[in-house]
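Scroll down for the structure; my scribbles are underneath it.
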């Protein structure tokens, strides 16, 4: 009984403050200590005298009595609380303080050693998580927003060419997490719609090679520049499955009024009323009024500066985003189209790859740490360090550590690892087997998936690139033991051509320009690493050459080459490329294709340049045995002679380094952010683009550029309005009639030449919207039957696509030219004229506002797509188009008198446009290089206005004519025609990009496409009542057609 009471008393003392045990602070370590105290106390209590023992008093031993027994210091030997021996340390109460006293003993000390050992892995886990930036910080909303926007930034055209979303998170968030989620949702809303490409370099996948680009085919606007891919920012992938808008844009949440937000709202608004056909004609027309008025500067005098009048507010409404070198109407249309294509490419993927949605969401939230530093040099660790430094110093490390525990991002990291492991466990054979059975659209979606899976790209690192370089004989700059005795520059050039890369020698198979029914092998001079030869040869461009050098050095160093060796190799390669640029012919010497064209049998070419094994080269490229009696066409005979001499004078190691540098440069898009950051810095120096667009835009552009028919099939089925195809066809016939009418009124052309010109315009074939075969799955699948696409192998997919394009190109050899075949993807915003096919193409992507809408007044449609039709039609009769007859053959069908008269009128335009100066950079336009496009602009608007006038004259219903104006715009229907034409060319460009573009441009800047064209138009001057002698109505005008 006594011992039971003693035990109860001991327990009571442990639970009460009066025995000295105070309540500890609420913390994990204190709670653990209290548990140990209670355990030891209970063990000591169990040692108290029991019934029948010598001790008869029911008391708790005091500390002093324990000390008398020699146990106050914890006992000795096996004694103590855990020892169980006689004289051991027992629980007691200090008579002096009244507090509980005990001596821990061996067992307690052992437990104390276990505690830090158990906590060590936890500490290591904290350190590991901090390396992944899985931390939060209690910062004001404004600072969180600024950091969020910085993290969304910087990627234009793997081959050449946007809506609110919310971040998925746990249902219950702490205050800081909820604020961060809302800020992230807003910054993703704004930046998911900003974008587009910079405009720096040409594709290694272009359909037209060499001379075909400017001589055999022309476009209404410059081709979409390459869009370089950089890792997806944290928010971008979480919004990948956002649907296209199905409601008005009024529900867009308010976000900070910055550049990216303005671009976002503009794209979303345009897309919403473009794609939703359920909207009333009135609402669509009202939206167009709002857009047109927003861009106008109605204070400007239209007779002094019509561009300012039509586009004066463009810069305020649409400032250039940081990830672009320029922003114009066409880029905004591409933005909205890219968003649509992104949604289409994501449809159905979950069925084939169940793990993909989780991978997208997880990687989108946990792989963005280096993005904020994508524009700064350094290693990944250095970039991570810079990111961490952005955490405000006032937030203590203890607070950060507490936030680590609370952050739901810890779960994301764990989930990311699990998902990555899941994808690695999928058998490659299963993917390959499935790829064989997939249709073309599924292959396009898998290509998109592989491009978006940055975690996989980062995990694989440089291994795929090293394997590729090894298969090509090795890159000397990476391998000091490289042996020059085994090097054959022509063999290496031929093998990189198998991946569709033209380095040193440009080769393709296409229609013979003098016999457009026959496909033939053709050769031309090389392209260069910089846009033109002038970048290498003119001292004024030295800074661009230095930027290119730094780009080369940085890429080579990232591949593991020591700095000294990287600089030496770069200087050697750059010196070689300068000499290479010097032996290429400048553009002005290549305008007359007749003087460049040399057709000969392969044997004669071998005799002409015996140093090059032409049959051997072609056998590697074409995968077939080559007959020396086959005909080929050479456009750069002098260049080839000088190339051979240059290579003979250069060390083999330098030549090999240069060829593979050009090849590796094209593969940078397939590598991680370090390489893409280097590319962005080069782009900034060259074009002024401040950061890269988001990764998904690069991936959309890549897929559309390389599997355009498969993507086009998705787009056409979902969005294309067949009414637009019928209307465009009708308008084309009307403009052809307008051209014939104007041709008959032309006095400077003799009768026989007029009849041949009319024959040519009548023979023009029209391609509108899309080719019919893309809606037949069997035919579409056959087009990509030999293409293998792996959902997890982006690098290999790229090589497969390149090889597929090369193979498709070479297989045309020996086949008759099929002039009905489309070579343009349907989902692009452009229009084309093919000179050697005498063919006009209007892809489905351009048949949208402001060019066309079935609910628009005809005045807008004729001033939009009507002018485009007239522009492309006139290309058949510009300075290059006139050299080809109605069958597309290079043939002299003009009389001498007509040729002389043409040159006289064309010279007027050359002089007019050559006087225009871009004040921002102090550079004049090149009227010679742009004369073909200027001729087409001037002729196109004249034909379109005449066709519109004839349409008006045919209308007898007053109600139809009442619909030809837009309420809210104080202009007549004919004035509206010219206003819409001008607003097509609204835009802005950074000075660096403008300077670079003018060196190579065949299109005048938008401002002068408006002023130059309308100042030559008597129709414009009459409709706007411009007095003779005003800027927009000069007394002397230039006119060709």
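Backbone N, Cα and C atoms are what each Cβ position is placed from, and that goes for glycine too.
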Would you please say which range out of 86-107, 108-129, 130-151 has the annotation transmembrane segment in TrEMBL? 108-129
Ranges in play 227-263, 264-300, 301-337, 338-374, with TrEMBL marking region 'Disordered' at 227-263
Reduced to three DSSP states, the domain 'Peptidase M13 N-terminal' (302-348) has 28 helix, 3 strand, 16 coil
Across the domain 'Peptidase M13 N-terminal' (302-348) the predicted model averages a pLDDT of 88
